[in-house]
Ligand code: FAD
Ligand code: NAI
């Protein structure tokens, strides 16, 4: 079938489906082509994020936190529970139910906005009469040919493979396998102490696995503010029992079916570890294979990312790219904001995505979140700054929640008082970080945050105190 559209979006993840909805809202006839096949063997919209990323991982994090709390925390509240057990298949089924609900919801949203939803693998074929020609194939057979004035590439990313080890999602797992284990492994190995390694390692640790995380870098969470990273490392290792080894050089990995061995070097010593399951989470690579970049002369860099300018425009006319397939952090909210901005730019508007104010969250317990510059970055850039820190230990709401652990650190320009970075570890800081995002976006001073009335008792009072502390007038510190 041959179809004509103003805009065709390739990829139905948080970048692609959001771009398609916004384009349709702006009056363009729009199609969204997505190839993802979900766990139930059917097309499933929402990309990595909804199917095998953000959403299912957070569902399992919550289940594992509940299990842990029932075993270790309820007694402090005077609640006695006996015989607490974990039914892993039931936990996975709940997670799958959330995924089904949300992926189905995207189909509904596309329909509501009159976006044509096409299933299949899209590839760029040619340019005819100033319009792009895109073929859509299922099982290698072309089922649709789409002609469009604009193409938005939102093909996302996939796990970066570790040379010499094949992921079978039975013994050696990527994110998909890590989210679908049917029982708690006694010994779980993780390669890479990044976001996935920490989140998935925490889930299975709380459910009872012995977890060892092997990280190549000598520095823990190098992208985070190092004061917060150090506190996190202490909490995860000393309090929670995660075995995190830094500065490791991975050697031979042998998948023996029912177990896996990992040879590695640590501080010049050769070691051999044996695990029942191994998660490989060493970053992700962009999906540009098979996209037909060569057919149309699309510029792709040596790592496979589509090359774009600050407006997500590629080297080709009316061809755009967003999300994980282009430079910048691989985050769902970054992908969505780029999608909105591209649709609006196609409509002649002048949108702007502020890359300096994109929040990061790591959903461990306690959570880690930040926005803006770290103290290390400010030092390296020679920017004079002042800082204020405050802890959750004496916060009434955190104590009530039984999560009175963590710190908020606020960094502001020494001369202008403008907020430059906000860094946190603590309960629900995924929500609190938005106050920092607002401060950065509105170019607020730390004094502005210090003078805003924060509800009492609330976790946000710790942000307030950190802002007061930046001016050396903390009330409770
Ligand atoms: P994707 O979500 O990867 O979507 C791309 C879609 O395009 C896929 O459906 C793919 O099948 C399809 N596609 C690819 N090639 C073609 C083609 N040729 N034709 C048709 N379709 C194609 N980010 C956060 O912000 N918060 C989190 O908590 C978070 N948790 C995560 C947890 C895990 C375990 C993982 C793996 C990732 C997590 N991320 C998180 C990252 C987040 O999932 C990605 O940044 C986000 O999904 C990127 O969106 P995207 O639209 O660019 O690509
Ligand atoms: P990551 O980039 O966060 O971490 C990968 C880690 O593996 C790094 O610390 C790196 O030094 C290490 N590593 C690389 N090669 C190695 C090797 N050979 N041996 C040992 N360690 C090695 O990547 P991850 O965890 O795979 O996640 C991919 C991306 O998905 C993240 O960068 C993030 O963008 C996104 N994500 C976001 C989440 C969130 O926002 N909460 C949750 C999960 C993923």
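Each residue's number is its place along the chain shown, starting with 1.
The backbone N, Cα and C atoms fix where each Cβ goes, glycine too.
Annotated active site, proton acceptor per TrEMBL: 456, in sequence order. Shown in sequence order, 396 are the residues of the chain, 6+ apart in sequence, with a C-beta less than 8 angstroms from the C-beta of residue 456 (active site, proton acceptor).
Secondary structure at residue 333 (FAD binding site), taken from DSSP and collapsed to helix, strand or coil, is helix. In sequence order, 14, 358, 359 constitute the residues six or more apart from residue 333 (FAD binding site) in its chain with CB-CB distances below 8 Å. As annotated by TrEMBL, FAD binding site applies to 58, 155, 156, 157, 324, 330, 331, 332, 333.
Positions annotated as NAD(+) binding site by TrEMBL: 192, 193, 194, 195, 196, 197, 198, 199, 215, 283. When secondary structure is read from DSSP and collapsed to three states, residue 198 (NAD(+) binding site) falls in the helix class. Residues near residue 198 (NAD(+) binding site) in space but far in sequence (CB under 8 A, at least 6 apart, same chain), listed by position: 213, 236, 362, 364.
Proximity of residue 54 (disulfide bond) to non-local residues of its own chain (separation of 6 or more, Cβ distance below 8 Å) is seen for 332, given in sequence order. In the three-state DSSP classification, residue 54 (disulfide bond) falls within a helix. What TrEMBL records for 49-54 is disulfide bond.
According to TrEMBL, the feature domain 'FAD/NAD(P)-binding' maps to 5-339.
The feature domain 'Pyridine nucleotide-disulphide oxidoreductase dimerisation' is assigned by TrEMBL to 358-467.
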Which ones in the same chain are close to residue 324 (FAD binding site), with CB under 8 Å and 6+ residues apart in sequence?
13, 15, 48, 156, 157, 284, 286, 287, 330, 335
Counting across all protein chains present, how many other Cβ atoms fall within 10 Å of the Cβ of residue 192 (NAD(+) binding site)?
23
Nonlocal neighbours by CB distance (under 8 Å) for residue 215 (NAD(+) binding site), same chain, sequence gap 6 or more:
192, 193, 197, 244, 245, 246, 247, 248
Secondary structure at residue 456 (active site, proton acceptor), reduced by DSSP to three states:
coil
Same-chain shell around NAD(+) excluding 192, 193, 194, 195, 196, 197, 198, 199, 215, 283, C-beta within 8 angstroms of the CB centroid, reads 190, 201, 213, 281, 282
In Å, how long is the longest CA to CA span across 58, 155, 156, 157, 324, 330, 331, 332, 333, which the record gives as the FAD binders?
23
